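Student: Submitted below is the structure of interest, expressed as structure tokens.
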Amino acid sequence: MTSEVLQTISSGSGFAQPQSSSTLDHDESLINPPLVKKKRNLPGNPDPEAEVIALSPTTLMATNRFLCEVCGKGFQRDQNLQLHRRGHNLPWKLKQRTSKEVRKRVYVCPEKTCVHHHSSRALGDLTGIKKHFCRKHGEKKWTCEKCAKRYAVQSDWKAHSKTCGTREYRCDCGTIFSRRDSFITHRAFCDALAEETAKINAVSHLNGLAAAGAPGSVNLNYQYLMGTFIPPLQPFVPQPQTNPNHHHQHFQPPTSSSLSLWMGQDIAPPQPQPDYDWVFGNAKAASACIDNNNTHDEQITQNANASLTTTTTLSAPSLFSSDQPQNANANSNVNMSATALLQKAAEIGATSTTTAATNDPSTFLQSFPLKSTDQTTSYDSGEKFFALFGSNNNIGLMSRSHDHQEIENARNDVTVASALDELQNYPWKRRRVDGGGEVGGGGQTRDFLGVGVQTLCHPSSINGWI
């Protein structure tokens, strides 16, 4: 008998063979497909086809909106009221589930200034709109006994009370959080605020250094930048100026150089400048002013003697040259004596009808206003012959406070001084010759070309040369 049972089992005639579990699952999935879970709309993004309901704050916050007309008892839901009416033997009706889909309802916040007051930002359930109104616009009635934090929704207060004091997140600023997400949000904001504060403090510090002129500030060293373009000026003692605008004429760009006003034809028009009060000096070096004459008088005199003896650009042609830097000596290599200059001036051919210019020995020097070779513009700003002895940026050396004897010694060291002496004394020598003075009356020929002293000395004749 045992053998028969074994044969029956092996043949499968007496028992059904079990099916695999994978086959069963596949069959069940075909018979009952899984229900697709409908996703919930995000807060503030209602269904466009939903019914929008607007409730007043009183109705929204009422705890028992549904009241019994017999006993006056209130209920939160209409279903509860219907069940209560059944106890009073009143007609009652419960909502029946139907196959027809019920239209959705959305609720707007009664607060007009709230973003959820608009229908496009309505909330999808009545409980949600209640909690929103309590949290944002309601009174906070519940307070935590441990941390004294207040809440407007009772459920929020209960949830906080369960975790308060058990977990603690402390920020560097001293704020304590019990929730990690709140701590992370605050920490990001706090770090960004600290970074911005550090930037503002750094900028304020740099501005303070710049205003105070401290080393390392953003201010540039003007003397260092311009040192390669403007030669250093020797200190000098300035004299009072009558021109109120002379402070604005300290730095002038160098103009094109020329041999002289008589010989050069490419000279640029000179810039308007104030009157010069010294034979040797510069009225524009206000940046090197020294107010104390007694302290620096000896040093200034030594600098004047050294500069006059070593300057190579002050040759005779530079007596009538325009303003130029000290190193621009390309056109100053032609040396002419005072007699040659007078002969050249006489050959230009100016005439005069008056002899008043010969009465004053300084008239000759005062009759040389700077003029441009360009006949369309004339700069007659009172610059007399005294301004022509040197360049603007180099010879700010002499002043009226110097001793007369030291100035005379300095003049005798260079050709310019001898030329100036010859020019200043020429009218007097001529008058002595004509008047029969100490030289002798008419025995020798002094006027080489026969043009007369009047022609050379009158201001109009000088203007004719130029």
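Glycine residues also receive a Cβ, built from the backbone N, Cα and C atoms like all the rest.
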Student: Which one of these stretches, 43-65, 66-88, 342-364, 411-433, shows up in Swiss-Prot as zinc finger?
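Tutor: My reading of Swiss-Prot: the zinc finger range is 66-88.
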Student: Out of 169-192, 193-216, 217-240, which range is noted as zinc finger by Swiss-Prot?
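Tutor: So the range that Swiss-Prot calls zinc finger is 169-192.
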Student: Can you check which of THR98, THR163, THR445 Swiss-Prot annotates as phosphothreonine?
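Tutor: Of the listed residues, Swiss-Prot records phosphothreonine for THR98.
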Student: Of 142-165, 262-285, which span is tagged zinc finger by Swiss-Prot?
Tutor: 142-165
Student: Given the binding-site residues CYS144, CYS147, HIS160, find the one whose Cα is closest in space to the Cα of CYS173 (Zn(2+) 2 binding site).
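Tutor: For CYS173 (Zn(2+) 2 binding site), the closest Cα among CYS144, CYS147, HIS160 is found at CYS147.
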Student: Sequence gap of 6 or more, Cβ distance under 8 Å: name the residues on the same chain that satisfy this around CYS144 (Zn(2+) 1 binding site), in order along the sequence.
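Tutor: The list for CYS144 (Zn(2+) 1 binding site) reads ARG150, TYR151, TRP157, HIS160, SER161, CYS164, given in order along the sequence.
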Student: State the residues, same chain only, that lie 6 or more residues beyond the ends of the motif 'Nuclear localization signal' (134-141) and have a CB under 8 A from a CB inside it; answer 'none' if no residue qualifies.
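Tutor: Distant contacts of the motif 'Nuclear localization signal' (134-141): 61, 109, 111, 114, 150-154, 156.
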Student: By Cβ distance under 8 Å, which residues at least 6 away from the ends of the zinc finger (169-192) in the same chain are close to it?
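Tutor: Same-chain contacts beyond the ends: 147, 160, 163.
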Student: Within 8 Å of the Cβ centroid of the Zn(2+) 2 site residues CYS171, CYS173, HIS186, CYS190, which other residues of the same chain have their Cβ?
Tutor: ASP172, GLY174, THR175, PHE183, ARG187, PHE189
Student: List, in sequence order, the residues of the same chain other than CYS144, CYS147, HIS160, CYS164 whose Cβ lies within 8 Å of the centroid of the Cβ atoms of the recorded Zn(2+) 1 site.
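Tutor: Same chain, not in CYS144, CYS147, HIS160, CYS164, Cβ within 8 Å: GLU145, LYS146, ALA148, LYS149, SER161, THR163, GLY165, SER178.
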Student: What does the structure give for the C-alpha distance between HIS186 (Zn(2+) 2 binding site) and SER56 (phosphoserine)? Integer Å is fine.
Tutor: 35
